[in-house]
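Notes follow the structure.
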């Protein structure tokens with residue numbers, strides 16, 4: 001697409017207040033596209049002049065209709081419940097990920113928006129089983145096989161998005177073309193979700209062990225994911241013969257890497273020691289299961305942050321990686337090489353890193369003691385067999 005064509009475009013990015021949505025918006029703005037960011041919270045970063053931010057909620061159809069009217073493409077990146085304690089807020093996850101996606105599709109139809117690119121996840125296929133060189137021909141994970149509501153709802157949403165491809169727009173003005181990008185774990189300078197949790201664990205002395213049997217996984221640098229989204233939007237146009245319409249694509253940096261070794265440059269670059277202790281996956285999974293069980297009972301009075309959830313244990317401790325040939329062949333996606341060293345340098349330059357103070361490793365000990373005590377109390381409530 002030429003720069004003059006882009007200058008005539010208006011795009012809306014749901015989830016535009018988040019790390020990826022904001023970065024995608026800035027990149028499109030630099031290419032001359034008129035960008036509107038839509039989110040329930042404002043971006044942490046300064047907005048370049050010319051980018052518009054609209055505060056709103058994907059659970060409101062009327063708000064979505066107002067913001068997407070006149071747009072030529074919507075990037076639906078908004079979601080909830082990817083990690084941490086958010087993963088245990090089941091009703092909110094359902095409302096945002098499923099009903100929010102239904103709303104944005106309906107808003108596009110009602111206001112004649114012809115294209116929608118949906119940001120999906122590996123988790124629509126992966127649920128703890130080993131996958132090597134998977135591709136888009138693999139079936140969705142059965143609904144009763146998910147251990148977390150985020151992955152289940154992202155699957156329901158993706159299925160709906162692809163089903164609504166070629167849906168007729170209002171007043172017979174054309175058709176809605178949709179596609180889905182199944183992204184690997186995102187990383188990059190300033191990433192706001194996963195990397196800060198790892199750094200927080202380092203600061204508290206809680207990153208003491210790894211687990212699993214050489215788990216091979218994939219990641220995607222934010223700039224590569226941005227490139228994939230822009231290419232996907234173009235592949236939904238008549239100029240590209242709508243080649244991406246109704247299609248899912250796996251998106252990553254390419255070759256799989258050991259999940260924990262991938263973060264070694266970050267850990268050591270910030271001055272911490274990389275752990276040498278390795279636990280069995282089953283033991284860590286049981287601990288995560290116990291943590292979730294306790295959270296279920298006491299979250300009304302103490303909505304604590306779990307160290308790990310079951311889905312996170314699977315995601316980080318079980319081998320799963322996918323081919324990106326379809327995205328390369330149909331979208332022209334060619335991931336550029338990036339390293340975690342650059343990311344570590346960014347965090348170091350922004351004040352992160354080991355300080356000249358004693359690491360409070362007893363955080364982990366107290367968390368374990370807390371979980372054990374609550375378990376004892378809960379077990380004491382169970383009826384006896386007598």
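Every residue gets a Cβ built from N, Cα and C, even glycine.
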### Task
Look up transmembrane segment in Swiss-Prot and report which of 258-278, 279-299, 300-320 it refers to.
279-299
### Message
Of the residue ranges 342-362, 363-383, which one carries the transmembrane segment annotation in Swiss-Prot?
### Response
363-383
#### Entry: Cβ contacts of residue 150 (active site, proton acceptor) (under 8 Å, same chain, 6 or more positions away)
79, 80, 81, 82, 86, 87, 93, 97, 123, 311
### Message
Around the C-beta of residue 154 (NAD(+) binding site), how many further C-beta atoms are within 10 angstroms, looking at every protein chain?
### Response
28
